[in-house]
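Noted in TrEMBL for the protein shown:
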- Leu12, Gln13, Gly14, Arg27, Thr91: substrate binding site (BINDING)
- Cys31, Cys46, Cys49: [4Fe-4S] cluster binding site (BINDING)
- Phe48, Cys49, Asp50, Gly93, Ser134, Pro135, Lys136, Gln174, Pro175, Met176, Asp177: S-adenosyl-L-methionine binding site (BINDING)
- Thr51: Mg(2+) binding site (BINDING)
- 18-211: domain 'Radical SAM core' (DOMAIN)
Amino acid sequence: MGYLVKEIFYTLQGEGSHAGRPAVFCRMSRCNLWTGYEKDRHRAICTFCDTDFVGTDGVGGGRFATADELADAVARAWPSEERAHRFVVCTGGEPLLQLDEEAVEALHKQGFEVAVETNGTRVPPEGIDWLCVSPKIGSKLVVDQGDELKLVYPQPGGSPESFEHLDFSVFRLQPMDGPELEANTRETVEYCLKNPHWRLSLQTHKYLGIQ
Ligand SMILES: C[S@@+](CC[C@H](N)C(=O)[O-])C[C@H]1O[C@@H](n2cnc3c(N)ncnc32)[C@H](O)[C@@H]1O
Ligand SMILES: Nc1nc2[nH]cc(C(=O)O)c2c(=O)[nH]1
Ligand code: SF4
Ligand SMILES: [Mg+2]
């Protein structure tokens, strides 16, 4: 079987609590809430995705037969032999369709702290160091605890309030990118000011023009 990966790249984490931190991004292929094809977007459960996660044709992408091969590829993307600051963000697509305990262990063996960005519809494997859940209205959330809950805002049919009881260390709203980004950003700032349970998350990589 192995792991299907769209791309592996080194950049700064752009979003959330670790924004600004150097990280290898391991973008796994496939998602359970959208096929990834534009022709299907209108009937997807998640309709606002900003990411191409189809196939394995990106830089550093491919099919990795074993967890160790996957972790080796991630380690090759880190800029030095030094292990002190190694940080990998497993994202996608939906990484929890593929990321298992073996892969997390193999990444740890390579010295990485392991962060995951997930839509919260799949139970995560043991060992993840930073779990960021980004719920999608219209999908069934099965993850009710983690480090960071990062809700894209606004999402029709869903209010941030309905997530406040969940067991996360920090709650963030991230303005929905797309044609309404400016208005969405203003609304998000206003919501956080009125409801201090929530903090702003910006997609800073997009402002910086980095990947
Ligand atoms: C592309 S997703 C991949 C990980 C996982 N499938 C998920 O949805 O969390 C990575 C992050 O980007 C966010 N995101 C996707 N499309 C967005 C958009 N149009 N505007 C703002 N954030 C977006 C997601 O909510 C998630 O936090
Ligand atoms: N720089 C950067 N930061 C990110 N944080 C989450 C991302 C994602 O696509 O999951 C992402 C991304 O694609 N690029
Ligand atoms: S769940 Fe994540 S990867 Fe899947 S379509 Fe939505 S934002 Fe994109
Ligand atoms: Mg992204």
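Cβ atoms here come from the backbone N, Cα and C positions, even for glycine.
Features as recorded by TrEMBL, highlighted on the structure.
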residue : record                               : contacts (Cβ under 8 Å, 6+ apart)
Gln13   : substrate binding site               : Ala19, Gly20, Arg21, Pro22, Ala23, Phe87, Val89, Ala115
Cys31   : [4Fe-4S] cluster binding site        : Cys46, Cys49, Phe53, Gly92, Gly93, Glu94, Leu97, Asn119
Asp50   : S-adenosyl-L-methionine binding site : Asp177, Gly178
Thr51   : Mg(2+) binding site                  : Arg27, Gly92, Gly93
Thr91   : substrate binding site               : Phe25, Cys26, Arg27, Met28, Val116, Glu117
Ser134  : S-adenosyl-L-methionine binding site : Glu117, Thr118, Asn119, Gly120, Leu149, Lys150, Leu151, Val152, Gln174
Lys136  : S-adenosyl-L-methionine binding site : Leu33, Ile45, Cys46, Asn119, Gly120, Thr121, Val152, Gln155
Pro175  : S-adenosyl-L-methionine binding site : Val152, Tyr153, Leu181, Asn184, Thr185, Glu187, Thr188, Leu202
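Other Cβ atoms within 10 Å of the Cβ of Arg27 (substrate binding site), summed over all protein chains shown, number 22. Checked against ligand 2, the binding-site residues Gln13, Gly14, Cys46 give Gln13, Gly14 in sequence order as having a Cβ less than 6 Å away from one of its atoms. Sparsest Cβ environment among the binding-site residues Leu12, Cys46, Cys49 (other Cβ atoms counted within 10 Å): Leu12. When secondary structure is read from DSSP and collapsed to three states, Thr91 (substrate binding site) falls in the strand class. Sequence-distant contacts (6 or more apart, same chain, Cβ under 8 Å) of Phe48 (S-adenosyl-L-methionine binding site) comprise Val152, Gln155, Met176, Asp177, Gly178. Secondary structure at Asp177 (S-adenosyl-L-methionine binding site), taken from DSSP and collapsed to helix, strand or coil, is coil. A sphere of 10 angstroms centred on the C-beta of Asp177 (S-adenosyl-L-methionine binding site) encloses 15 other C-beta atoms. In this structure, the binding-site residues that sit close to ligand 3, with a C-beta under 6 angstroms from any of its atoms, are Cys31, Cys46, Cys49, Thr51, chosen from Leu12, Cys31, Cys46, Cys49, Thr51, Pro175.
In this structure, the binding-site residues that sit close to ligand 1, with a C-beta under 6 angstroms from any of its atoms, are Cys49, Thr91, chosen from Leu12, Gly14, Arg27, Cys49, Thr91.
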